[in-house]
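K.L.:
I grabbed these lines from Swiss-Prot:
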type     : residues : note
COMPBIAS : 49-73    : compositional bias 'Basic and acidic residues'
COMPBIAS : 256-272  : compositional bias 'Basic and acidic residues'
COMPBIAS : 281-300  : compositional bias 'Gly residues'
MOD_RES  : 353      : N6-acetyllysine
MOD_RES  : 360      : N6-acetyllysine
REGION   : 38-97    : region 'Disordered'
REGION   : 256-300  : region 'Disordered'
REPEAT   : 114-147  : repeat 'TPR 1'
REPEAT   : 148-181  : repeat 'TPR 2'
REPEAT   : 182-215  : repeat 'TPR 3'
């Protein structure tokens, strides 16, 4: 299973433990039913949650929701993280050092010369002549650019010169050549420690000790590891907070969508009821209707008073097609127009919906006249 999904689920479960009312929302019904079907028991909702579930909820204040979400966000990643930065230095910005031509053909003579340069560089290093050691290691690298130990040795001098970025470049090159050597990881770990890169330092120093245990690397690992762990815990904390915010936002979106759907249903129901009232022969039929309609049918609006005894009325109102036409605003507007002025029927000769209703009513009333 995707670890990210597992983390999201863990954050959701934690949120449910803190606020069981989340489980009593309508969209979480499926989860409640599943828990209960497995023999589990869902904690009761708070009184507030119950009242919200049983009454129509007001539309949530989106600004308040946004403010609540922002309140959970840290002002910065370092907002409540305090790390001892003793020994951390500013990064060096020198131009990259010479790395030699890795595609050059290396002769045995060049290898011997490179070894001589390496020996001289180590002597200079032991004498404290650090820059001389750098120059000699560089000469050795140019003679034999595919020997990982030369880069690792030069990196150790860069660390002593407090040039951690230069040391990291040398260690990266040494690891490319021989990833199983402990020395490049040791010196890269020390360089990262100088820069305050605690997690990277802990990773490299631990790997160096794993490949070839070194007391010096182990001592520095013990120094940086607590800081690296503190940073990792800090990151996990805010990842959990972010996941909890995402879950809250999803629940809020579902809640808003449900409210929008319910509001749309209420509006549709109101429109349907309004249409039903509108389709009840408003305004009567003054002056009679052509086609054998009886001479005027006044008083038909608002429930058609006075027509209860009209022959055939119940049959007309039970006809599905007539009822459907009475629900159509276009048909009823035309019907009113013709009722007020029968001569206007000619305007609707080409409208089958209007003519169909008039024909049906004419037939019904004509049969009773």
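Glycine is no exception: its Cβ is also placed from the backbone N, Cα and C atoms.
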K.L.:
When DSSP states are folded down to helix, strand and coil, where does residue 360 (N6-acetyllysine) land?
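P.N.:
The residue in question, residue 360 (N6-acetyllysine), is helix (DSSP, three-state).
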K.L.:
Do any residues of this chain, six or more beyond the ends of the repeat 'TPR 1' (114-147), have a C-beta under 8 angstroms from a C-beta of it, and if so which?
P.N.:
97-102, 104, 106, 153-154, 156-158, 160-161, 177
K.L.:
DSSP helix, strand and coil counts for the repeat 'TPR 2' (148-181)?
P.N.:
27 helix, 0 strand, 7 coil
K.L.:
Could you round the CA separation between residue 353 (N6-acetyllysine) and residue 360 (N6-acetyllysine) to a whole angstrom and send it over?
P.N.:
11
